[in-house]
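Engineer: Handing you this structure, nothing more for now.
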Amino acid sequence: MPNVTVALLFGGKSSEHEISIISAKAVSAHIDRTTYTLFPLYISRDGRWFKGRTARKVLDLDITGLLKSRTIETTNRQLLAMTENRDEDLFDFNFQKEGIEVAFPVLHGAYGEDGKIQGLLEVFAIPYTGCNVQSSSMTMDKEITKLCAVQAGIHVADYMTVLRPDYLNNRSAIAETIKKRFAPPFFVKPANLGSSVGIAKIHSFDELENALDEACRLDVKILVEKAIEGREVEVAVLGNEHPIASVPGEIEPGGDFYDFTDKYIDGSARLHIPARVDADTSARLQEEGIKAFRALGCSGMSRIDFFVEKGSGRIILNEINSIPGFTSISMYPMLMEHAGIGFTELIDRLVRFALEKTPA
């Protein structure tokens, strides 16, 4: 399969814009250039698509360093300045003219993992890596994920859903309902964001109102969810009709929980591969990972996140990431590396799975 042109889609309109650039840098560094011709496509925060020199300049940025030394707002301004007066690099969506044969989206969060970019690529008949439109949109929504998981016999944490209009019209009543149902600690989460953006761990009911306000600012649907005491583990799943699951990896958060800063800025979390669980639990996690992958109709790749509850040993699904991080500290490529599938081979397999996948 020589000289296949792969469009690397990165950036995007979500709050995970910078993380997408970091993932794209890793893919660019590890893709086999003797087999694939890389065509970078940078999507700015305002939705403009850039190719050529502009896309390559963004890809060359040390985003990790910028995020550590500056605020996200300052980094955003620098990215915006790089796209000013660069109309000659605007992409006109003529994929065929550019010779693009397959797309490799590393667009995390909204507009990337929710089925939107997948739908656009299907309109243009461009094969793409990862899950299809339906499974992407389902796994993006934490409530839908839980509903499908329960139907498949997979355990989930106790939760309730709060819709933004209901909360804004009935703040006191909804807060009282939450207080009666959940005892601290528990979580307040936007239903459709990733990388722990907007998540708050509630230790006291005094923190509830601010957490709900912030989550409602970010999403129209909010989850209130019981905090599970136990190990936080992840399983990498790869494949289409016959997926394989890695051994589980374990996250030991540096702070109260595995938040955005822990994941991408200070890297204070400790990762254990394999997870510190017995052989039986490890095998069950792999089985549950594949079961969840199939229950949500996933294809190509997904990272399945679980808790192993302290005391009971119950395996509880947390969430599914249809486009997991590909950064140097991301669990998905590290788990695949442990399974004997290096980064370059992983990219190759994902492209091959994209080309063989039957259209939805």
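A Cβ is built for glycine as well, from the same backbone N, Cα and C atoms used for every other residue.
Heads up, here are the entries from Swiss-Prot:
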- 146-352: domain 'ATP-grasp' (DOMAIN)
- 179-234: ATP binding site (BINDING)
- ASP305, GLU319: Mg(2+) 1 binding site (BINDING)
- GLU319, ASN321: Mg(2+) 2 binding site (BINDING)
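Would you situate these features in the structure and describe their surroundings?
Structural biologist: The Cβ neighbour count for ALA200 (ATP binding site), using a 10 Å radius over every protein chain in view, is 20. DSSP assigns ALA200 (ATP binding site) to a strand.
Following the DSSP three-state reduction, the secondary structure of ASP305 (Mg(2+) 1 binding site) is strand.
There are 21 other CB atoms within 10 A of the CB of GLU319 (Mg(2+) 1 binding site), with all protein chains counted.
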Engineer: Between GLU207, ASP305, which of the binding-site residues has its C-beta surrounded by the fewest other C-beta atoms within 10 Å?
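Structural biologist: Per-residue Cβ counts within 10 Å for the binding-site residues GLU207, ASP305 bottom out at GLU207.
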Engineer: Listing them in sequence order, which of the binding-site residues PHE186, ALA200, GLU214, ASP305 have their Cα within 10 Å of that of ASN321 (Mg(2+) 2 binding site)?
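Structural biologist: Candidates kept after distance check: ASP305.
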Engineer: Whole-number answer please: how many Å between the C-alpha atoms of LYS179 (ATP binding site) and ASP305 (Mg(2+) 1 binding site)?
Structural biologist: 27
Engineer: Measure the Cβ-based neighbour count of ASN321 (Mg(2+) 2 binding site), defined as the other Cβ atoms within 10 Å of its Cβ.
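Structural biologist: I count 23 other Cβ atoms within 10 Å of it.
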Engineer: Between ILE228 (ATP binding site) and GLU319 (Mg(2+) 1 binding site), how far is it from one CA atom to the other, in Å?
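Structural biologist: About 13 Å separate the Cα atoms of these two residues.
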Engineer: Among the binding-site residues LYS179, LYS221, which residue has the largest number of other Cβ atoms within 10 Å of its own Cβ?
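Structural biologist: Result for the most crowded candidate: LYS221.
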